[in-house]
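According to TrEMBL, the features are:
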| type | residues | note |
| --- | --- | --- |
| BINDING | A:C90, A:C93, A:C130, A:C133 | Zn(2+) binding site |
There are 2 protein chains.
Amino acid sequence: MTAAHVHHPDLTRNQSLVYDVLNGSDAPLSAYSILDALRGEGFRAPLQVYRALEKLRAYGLVHRLESLNAFVACSHPDCAGHETAGFAICEKCGKVSEFAEERIAAPIRDWAKREGFVLAGSMIELRGLCRDCREG
Amino acid sequence: MTAAHVHHPDLTRNQSLVYDVLNGSDAPLSAYSILDALRGEGFRAPLQVYRALEKLRAYGLVHRLESLNAFVACSHPDCAGHETAGFAICEKCGKVSEFAEERIAAPIRDWAKREGFVLAGSMIELRGLCRDCREG
DNA sequence: TCGGGATGTGTTATGACATAACATAACGAA
DNA sequence: TTCGTTATGTTATGTCATAACACATCCCGA
């Protein structure tokens, strides 16, 4: 486990197993990939994964990448507060870097305020090439 | 048809039918909803819709909402240039408003530049309540 | 005008992602 | 202990998207 997170104290066995698989992965994983990774631990059905993911997302330990239908462990401590996380997805190596920049979040909140839109959450996903892959 | 777009001159019949369905809808539509709307025009299979959508997206006439697995007609004239469009999705009424604000796009480009990330495209989707629904 | 590549279309089958519904078990507080 | 809440296991189903192949159409250049 990296230094990014101490486990939420009340994770169940399934939640903990799913979190550890995501946290040990370089790249986002689909729910079915997680399922396959946990067959040895007794997982049999997609719902076992989806239910754990649902809780982990509520705890802020895991994010869903909408454009990939995949999931990543949060790379920020205490991420639950970050309503406006963003992700840069490398189309070559598949790695994702997460960011939470006030310079990006603020103008979005401002737009919402001007429009009278009550912001409940936001999703920002960038496609492109990461620094390591740009010279490839 | 609203004033937002004049049809791309070279739309085929299928592309035109799919575009018109989206353009006539208040809210985003799934590919299968579009298919059902076009059965009367002879559509039988999902691929007929997906192939039209693929072209329409390439022309900038249609956008995909990743968080909904659904599609909307572009609401900006000459949208092909707006690589960094964003969408505010009302969770009550389902309506979507599209925006393309330099104040939002610029800090994202800046972040990418600082990180050495070669930006190929971006997805920005906001969840919340629109002005009309916030008082409901 | 005759090809021949590029693009569009129709159809069947399949793959990938996600949830409904129901039963059982574990847990924690009154 | 008892009861509500939360977690779990399982089967079946629903939703979204694409592969593979055959045929048609269009345009352009020899």
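Glycine too: its Cβ is placed from the backbone N, Cα and C atoms.
Note: TrEMBL annotation is automatic and uncurated.
Of all the binding-site residues given, namely A:C93, A:C130, the one with the smallest number of surrounding CB atoms inside 10 A is A:C93. DSSP gives A:C133 (Zn(2+) binding site) a helix state. Neighbour counts were taken as the number of other C-beta atoms within 10 angstroms of each residue's C-beta; across the binding-site residues A:C90, A:C133, the minimum falls on A:C133.
Same-chain residues that are not part of A:C90, A:C93, A:C130, A:C133 yet have a Cβ within 8 Å of the Cβ center of the Zn(2+) site turn out to be A:E91, A:K92, A:G94, A:K95, A:L129, A:R131, A:D132, A:R134.
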